[in-house]
Ligand code: NDP
Ligand code: MG
């Protein structure tokens, strides 16, 4: 029985993690659930999964939910609360599916506590990949990817000679606006952006796929997870989302992982690795039903976020922290109707231009750069 602490339990990845746990009650249990403020979604889950600890966003939410919880459940809040959930002694694995760089400290704390990490929260690796990977090595902890592309790469590396990897190829769906020209993006609405052709995901990542910043963040995520230089990480647009990513080896052999688009597979693989389990919730891939698969080179004029991310990744140090923080704030502003879709990448670019890179930043520096960038972008927006 694997005991799981889950951050972001009420979100898209969080709920699907609970679906996997629900399918295998003899294999998995949820010992801690952390969420933000969505009490209506959380309460039935708490009643169903009986966690020992519940962590919420802040004191107000804690006070609202307290009367509905039994006395045996420990209730905590804030980042401190999430950290407590991440290091709860009863857990074996932390599934970090919280949104944004707020997930960094809980990840670091869980590594120090020796927990295996199932990482969906890509912002953690973008913001502070060098700190996370160094700590994981120091404490002998595995960081198992939940992001579907990285899970595909990880699966395509099993049993292979990793020193012979010549290239990682991330697939990208192209997002909600893939059939639009850049000029057609001027007046797009929030609802248009949230209408993803292949995947149902949280709002922030759906917008990130439309700008393709998501793929940019994933390039940085892959750089840290697999220790690959940026020159050896490529992106290919693949509109069907059947090939989830590929690994090329020195002999030009390419190994890929395929499947119908579903986050349940990478979530479950992170929970069962190195074994596999049946997954009734997903459907079989019949290639004859799909017929044709398409692949296309990324046009960085069309998707400037991809270039911004490579630029930030290669500049290194604190630059990816700026990329991520500026993007988080700009996407929030777009989702609340304050800025236009095309402004997102403009604000990110401005923040990157404004920043003086600090090499090998420690946690304090990263947190300071994160705060300053958020304030800088918010100020520009207002
Ligand atoms: P959602 O927006 O659906 O969910 C976010 C979760 O985080 C919710 O449970 C939310 O709680 C919680 N949360 C947000 N802010 C706080 C806070 N301050 N304190 C505590 N909890 C908080 O996001 P997704 O599930 O889409 O994405 C989560 C992560 O996984 C992201 O990093 C994303 O990039 C990554 N990912 C997602 C994929 C997907 O298919 N959705 C695919 C690959 C990666 P509440 O709603 O209760 O406030
Ligand atoms: Mg992904």
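The count begins at 1 with the first shown residue.
Using N, Cα and C of the backbone, Cβ positions are placed for all residues, glycine too.
In TrEMBL, annotation is done automatically, which means it is predicted and not curated.
According to TrEMBL:
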type    : residues                               : note
DOMAIN  : 4-129                                  : domain '1-deoxy-D-xylulose 5-phosphate reductoisomerase N-terminal'
BINDING : 10, 11, 12, 13, 36, 38, 121, 123, 202  : NADPH binding site
BINDING : 122, 148, 149, 173, 196, 214, 215, 218 : 1-deoxy-D-xylulose 5-phosphate binding site
DOMAIN  : 143-226                                : domain '1-deoxy-D-xylulose 5-phosphate reductoisomerase C-terminal'
BINDING : 147, 149, 218                          : Mn(2+) binding site
DOMAIN  : 258-375                                : domain 'DXP reductoisomerase C-terminal'
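Checking the binding-site residues 10, 202, 215 against ligand 2, not one has its Cβ under 6 Å from it. Residue 202 (NADPH binding site) sits 16 Å from residue 173 (1-deoxy-D-xylulose 5-phosphate binding site), taking the C-alpha atoms as the reference points.
Listed in sequence order, the binding-site residues among 36, 147, 149 whose CB lies under 6 angstroms from an atom of ligand 1 come out as 36, 147. Cβ neighbour count for residue 196 (1-deoxy-D-xylulose 5-phosphate binding site): 20 (other Cβ atoms within 10 Å of its Cβ, all protein chains included). Cα of residue 215 (1-deoxy-D-xylulose 5-phosphate binding site) to Cα of residue 121 (NADPH binding site): a distance of 14 Å. Straight-line distance linking the Cα atoms of residue 12 (NADPH binding site) and residue 122 (1-deoxy-D-xylulose 5-phosphate binding site), rounded to a whole number, equals 14 Å. The binding residues for 1-deoxy-D-xylulose 5-phosphate are recorded as 122, 148, 149, 173, 196, 214, 215, 218; their greatest pairwise CA distance is 19 Å. Looking at residue 122 (1-deoxy-D-xylulose 5-phosphate binding site) and residue 36 (NADPH binding site), their Cα atoms lie 18 Å from each other.
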